[in-house]
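What TrEMBL says about this one:
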type	residues	note
ACT_SITE	Asp197	active site, charge relay system
ACT_SITE	His229	active site, charge relay system
ACT_SITE	Ser388	active site, charge relay system
DOMAIN	188-433	domain 'Peptidase S8/S53'
SIGNAL	1-26	signal peptide
Amino acid sequence: MTHWGTRSSLLAAVLVAGVVVVPAEAAADVGVMPSGPTVTLVTGDKVTLGGSDGVTVKAAQGRERIGFTSRTDVRGDLHVVPVDAVAGLAGGKLDPRLFNVSELVRAGYDDASVDRLPLIVDQPRAGANGRALPALGAAAVSVERNADFWATARDAEHIWLDGRVRVQLDKSVPQIGAPTAWAAGYTGAGTTVAVLDTGVDAKHPDLSDAVVGEQNFTTSDTAGDRVGHGTHVASTITGNGAQYKGVAPDTKLLNGKVLDDHGYGLESWIIAGMEWAAANNADVVNMSLGAPMPSDGTDPLSQAVNRITAETGTLFVIAAGNSGGQVGGPGAADAALTVGSVDKSDRLAPSSSRGRVDGVLKPDLTAPGVEITAAKAGGGYTTLSGTSMATPHVAGAAAVLAGQHPDWRPEQLKAALMGTAKPNGSLVEQGAGRVDLGTAATSTVFADAGSFSLGSVQWPHHDDQPITKTITYTNTGTEPVTLDLAADVTGPQGTLAPQGMFTFSPARLTVPAGGTATTTATVDTRVEAPDGVYSGAITATGSRTVRTVLTVTREVESYNVTVKALDHNGSPTDKYFAGFVDVNKRESHSSHDPSGTVVARVPKGEFYFTGFVQTEVGERQYRNTEFVEPSFVVTGDTEIVLDARQAKPVGFATDRPDAKVGSAKYRFRMKTAWGELSSTTFIQDYEAFTFKPTTTSARDRFSFTAEARMGAWNGKSFDGSPYLYHLRHTENGSVPQDLQWRFRDADLAKVRSEHAAATPGVVGYRENFLVVPLPGTLTEYYTPDEPWDGQFIEMVDPEHFEFVSVVDQTRPRSFPLGRTTTERWNTGVFGPAFPTGLDSPLYFAARIGDYTRFVLPLFTDNGRGRSGDASASGTTALLRDGTVIGETAAPGLGYFKVSPDRAQYTLRATADRSSYARLSTKVTADWTFTSEGDGTQDPRLLPLLAVRFTPTLDNTNAAPAGRPFRVPLYVQRNGTTDPGRVNTPVVEISYDDGATWLRAPVTRDRAQWTALAFHPADAKFVSLRSRVTDADGNAQSQTIIRAYALK
């Protein structure tokens, strides 16, 4: 049985709500969009950020009929999941990060950055090479970017991403009571602490003779510290007092370099470092690092911590992280002593991560981590903040206790530090409290456990079985100690737990000198009390108080929901998904069992249910069925049968008998009390997808929309189709029994679309399936007064999707009934643009904290509301004060770190497609802008401008030679339709590919301008150069060689 809020919530975050399914046969067409980074998934399928739908997918060879699920989660991360990976994700065999495209890009695993994908698998597979990781019973491998590995990986028990992990004293050492321990004679002598970090500067005066061993696990050429992080951490642990004294000044260090010279490392490096540290008899391992994604403790790093701790007796002290959200791996490990950060006044640092996704208490305690001064690599001292700085305080404290009690195991060290910590605020945020080494080192009574996470007790509670836990107290002193047991626990409403909920037998006990005594704590959830989470501490009070923190949940009113999945043959299947979204609270849950039947524990209430069943009907061929229930109400035990045989097909009919669906999509939308959920499915046609009619309805909250784009089918392809249909039907409230719809030309808006020629030897490709000769025209029919996007591709070889350029209608447009509209595609001038209309206006240029991100469309045609790009070579560089601070080998793409202070920057992009293109053969642009940090991670627009030229050209993109010619132009601003206060652009014209330039007169007419050109009779091409500035000093300069032709 699965329970609400357990590990399955991780999968729900990936698969439940807001999904987009992209079957690759259709998506392969749009998979050429080059406007953002491209990532090859472990399946070999390529995902590109960009396009009018935000993401495009190109299936690997042989996977053309596979579907893909895509959605943006609450963190803003984009997930793309092939449907043949759904069961592996649901069953816990596949790491969700393998399909988190945003995380893959952040980690530097996009195609432009790496040639192979690093993985951790239960055994090496095809195309793999790497090293063994005994702590996981697995191997670190790297695989080529194709489908070969995936084709042989079906029998793998686990496949994880080998993710990238990053780095997360004078007053702080006394703050935790270290001088008291020193005065008692405990300084960490005889112990060893391993620092797994960016390396250590062993020559720093504060670390003289401290490092007794080192190993480099990275690709760096040294185990030394070129970042400064590891040295700072090391001196906080064992600084000898040359300037600042560490917590355990007499402990020795092992330097394990697991993070490279940029502060990042692979998970496999870190696991190897953990194994090395334990094998070299480290008593304590300090890990001031962590993965950015929240974890429930089942990630590879956390599993390795648990296993190595159990097998070797090494204590791992690990940073909680600095996201301010939930704790990620390896800090999520049960065995880890996980550390949060407080300031000098013991106030929790806002960035300190807190809580584990499954409700287990993390961090375990806190330590000073704000403005900590310690050794700097290369000499001197520096002040840093974060849980990275807090962690070595606790590692040092653990070393002191290990030296004081050399026979103690890691769980005893952990319990002693937690049991003597200073209580300090919420348990969820700070665990047992701020570490107090002075008390720990001078105490004589300790509990055998630092915390109990007792899980959830199933509703109803009148027949609950009491939970019992034994707690053994050890007295290391020379006199007996009497302890009084009590519970200091609060419930979900902030009030004390009711009498009788927590009892002890005995409630008073005497611990003999040098001996132990045991009490039994009983948690009785049968008492009359509110349902919800109870948290607090068991206190054992004598001359001093020992605390054991705990949590327990009285489950709210909940019931068993049995889900049965049957494929198209009526057989139970493991290829399914079932998820529930609470329409009143932002909670989701998914359940899966390979038998095809699972019992989910679901709270009473109303839910939006989504399900999916897949039947394999041939080699890599599938039939897929969608299930939704807009208003699934749980008031008692119930059952859902996902029977694919009950599903209905979708059909579109028109006035033209040869019309066939060439591209399609359908969308579910559900309004909840906390926001709207939306899922969209992109497919070639509806032949492989069916839909189960709903049994519930939510008319004002739910809608089902089906779309089809259709052309004339000649028996083999849509080549030569003179028409193109764009059809849409929406059902409100439910998915009906009848999914067959008829559309007549007289009821549709009519559009004449003209497609100009720009590049020799290519054809046009509309809406991912229809080939248009260039120049050429189509008659198009649209469902009227509906927003429609669109796409045009210049294609060299449609069969193999070899492309030249892509233009997207990023701002949807609509067409009225009763008149014919004319549209033009692929008409110059092709150049930089900042259209609005994408889901995120920050898409093109944004600042997030101290990083800037650019995805610039450099080859947009002159249609309004469009963005465009091409397969060009080039670079993108960011300069400050004339000095390059970051550069990429990709035109218009860049992710650069910037200073938090106010500064002026220049962004420079170059793009060259002269080897194949006739027009806009070279585009260069400089943007000058001012930016500064605001102390947050909130995305902000960068004030980039673009001059757009819109001359009237013929269907070969040519203008008349030998006469004056008007070139209209206007200015766009990133992220808005309002260009703001801009000055009249300066325009120059060249007729010799930029060798010489002539300034053109420019006149203004309201929101746009016109440059006047005088075309020579013998010129062949016109190049354009412009510069524009605004009232705030932002500027853009651009040069477009061969902007249009002359004839």
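Every residue, even glycine, has its Cβ placed from backbone N, Cα and C.
Because TrEMBL annotations are produced automatically, they should be read as predictions rather than curated entries.
Shown on the structure are the features that TrEMBL records.
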residue	record	DSSP (3 states)
Asp197	active site, charge relay system	strand
His229	active site, charge relay system	helix
Ser388	active site, charge relay system	helix
**Study point:** Packing count at Asp197 (active site, charge relay system) (other Cβ atoms within 10 Å of its Cβ)
**Key:** 29
Review point. Taking the Cα atoms as reference points, how far is Asp197 (active site, charge relay system) from His229 (active site, charge relay system) in Å?
Key: 7
Review point. In sequence order, what residues of the same chain, 6+ apart, have a Cβ less than 8 Å from the Cβ of His229 (active site, charge relay system)?
Key: Val167, Asp197, Thr198, Leu259, Gly263, Ser288, Leu384, Ser388
Exercise for review: Mind giving me a neighbour count for Ser388 (active site, charge relay system)? Other Cβ atoms within 10 Å of its Cβ, every protein chain shown.
Suggested key: 29
